[in-house]
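The block underneath contains the structure these notes are about, expressed in structure tokens.
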Amino acid sequence: MPPCLNCYSTVGFTESDDGFSYCSVCGAQAPDIFASSIDVDTVFNNYSNTLSRPLVIAAEPISQVKPSAPAHYFDHPSILFDELKEDDDEYVGDDVGLTQPSDFGSSQKKDFSYEEYYSAIRSRYLCGVQIMIQLQCRVLVERFNVSPLIVGLVGPIWLRLLASSRVMSDDWAEKVHHDSETQTQDDANESQPRSKYRSEPSNFYGRRLVMIWYNSISTNIPKFYSLAISFLACHVAREAILPTDILKWSLEENLPYFAAFSEIEKNLGPNSDACPISAYRMFRPIRAISSQKLESVAADIAKRIGLDLPPVNFYAIASRYCRQLSLPTEEILPMACRICEWSMPPELYLSSNEYRIPTRAFVMSILIVAIRILFDINGYGMWESSLSTPSSVSNNEEPKTESDIHESKLNVVELLQNLEAKYKELDDEYDYSSDCPSYLNYCKDVLFSGLEPNEPEEKKLIKELWDFYNKDTGTSNCQVDSPRSKNKRSRNATNGNRDNVRSNDDESAPSTSQSNSTSCSKKLDECSRKERAIRQMKLDMEENKFCYISPRTKVKRKDYLHYARRRKDVYIYAVHADYYVLLRSCAKVAQVETRNMHIAVLSFERRLNWLEKRIDESLHYKQDVNDVCDFCCDESVEIAGIG
């Protein structure tokens, strides 16, 4: 089929009653195409009249498809829920009546124009994503006690994003259509559309424009933009909501995302045949987004719409971390806030760089520096000494004083013991991983939502299996292990086997005679327990590419200790056990890797060191007497004259 000489469209031509064919897009006449059964002389006598005929009269619809819904559905179009209904040729009717005669044995159909197809697809997808954002904001306010201010913030953000993406422009569909036909021959092979899709518009290569338009708009505005916009609104409202929270709530479906397509379909109503894509396919995400990607996408959206973002709410996030670690907030938080206000690190701002260390890691790095300053954690071997110190400290202990070194050591030991206990307790488990019934219900309601059995026998079999499972009392205590807990258990088992082998070696060593006193045996037990704990610590450090440093003995300068890294095939970070206990506990709470947490701390320490040097240079700067501007000289003369 040759292209139209007026608009260069390859959609096709429609034959008219006068024997000529007219472009299905612009309505222009094809001068070299006419029906052979028409009297050519009669037609050419009226050629001038046919050329001047109005486009509205000459333009014919592309094809005949199913009858359309009422006109108001194009503003808020809707589609069928079940994909199986897309292939059903039966039609119930919409009280509109027949628009034109149809062939025997075929369904009642109505013609859709080129504009109606892409308008229905674009309108339905954008309305669905907007409903998803509204559902998420409602849950954040009602369930997670987020400020209702986010409800008023998401609207301007969403509308500005639509304006910047230009998906609402008049030439959007034509541009996408043209781009699909300008690809190379290797990427696009000509193919004929299936019989049930031949009534739909297609491009030069025979591909459905319906799917091309949907893929284009879902690429420009992906479904995970709803999570990014919700998080961005929380960030602008100064809420202590982190990307890890949004990700966890969406995976648990506490925040509507994976199974939100069913609620979207209820809000949009019945479908329009101009948008033959099921709600399951259009609005169900394929995979989860990472927390780092979510933070970078939120920053990118703010950059695209010209929104100046504030830094993260350091006080709220730091307070939350202190509560999770059971740290003394009254002592640590004021110091951390002063450090933050004094340094103003740029890393507390959201960045569109996906590979940058997340902002929550830099918030935690400021807390780590404040804890090290307050408790003097600089490699003095407090953790090693805690192995021989009772795990509990008296509650009647007096507050720490700077002159009482022993009291300070006890407080540091208590802090390290608390952090080590928190490291073993803290494990970010999901709600559906608590037991088997929770996981099965999660699979039914979230993972396989919208997939219902087609045959009655399948429904009956599923019901029998559920009844059999509920009757089985042995499954009530069944635990479902998450991949993180499995890795943790396997790692602990491996480390335990190593400890058992080494402990057997220790036990195989020459033992003390039975004549030794009880005190000597206790000392030996304490030494063996301490050695096993140190070996376990070294193994844990090696897994995270850290290197164990023995406690400092000959201390020349009691100041803040800066750690460095060394290159040995890979970068190895040599640290003391005191610092590592603090580091790994804070990294687990912030949900970042231990190495990344250490890199964030090193980066913040370098910034503090640079600020201290600049301040020191400014304080000790000696200005030359002759190096004075004319204004300062005149001002000094006037002051001297007045004196």
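Backbone N, Cα and C define each Cβ position, glycine as well.
For 129-264, the entry in TrEMBL reads domain 'Rrn7/TAF1B N-terminal cyclin'.
Annotation comment: TrEMBL describes 174-199 (among others) as region 'Disordered'.
The compositional bias 'Polar residues' feature in TrEMBL is assigned to 182-194.
The annotation domain 'Rrn7/TAF1B C-terminal cyclin' is assigned in TrEMBL to 295-394.
For 477-524 (among others), the entry in TrEMBL reads region 'Disordered'.
If you look up TrEMBL, you'll see 509-521 marked as compositional bias 'Low complexity'.
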Quick one: average pLDDT across the domain 'Rrn7/TAF1B N-terminal cyclin' (129-264), no decimals. 87
Could you give me three numbers for the domain 'Rrn7/TAF1B C-terminal cyclin' (295-394), the DSSP helix, strand and coil residue counts? 62 helix, 0 strand, 38 coil
Its residues classified by DSSP, the domain 'Rrn7/TAF1B N-terminal cyclin' (129-264) shows 81 helix, 2 strand, 53 coil
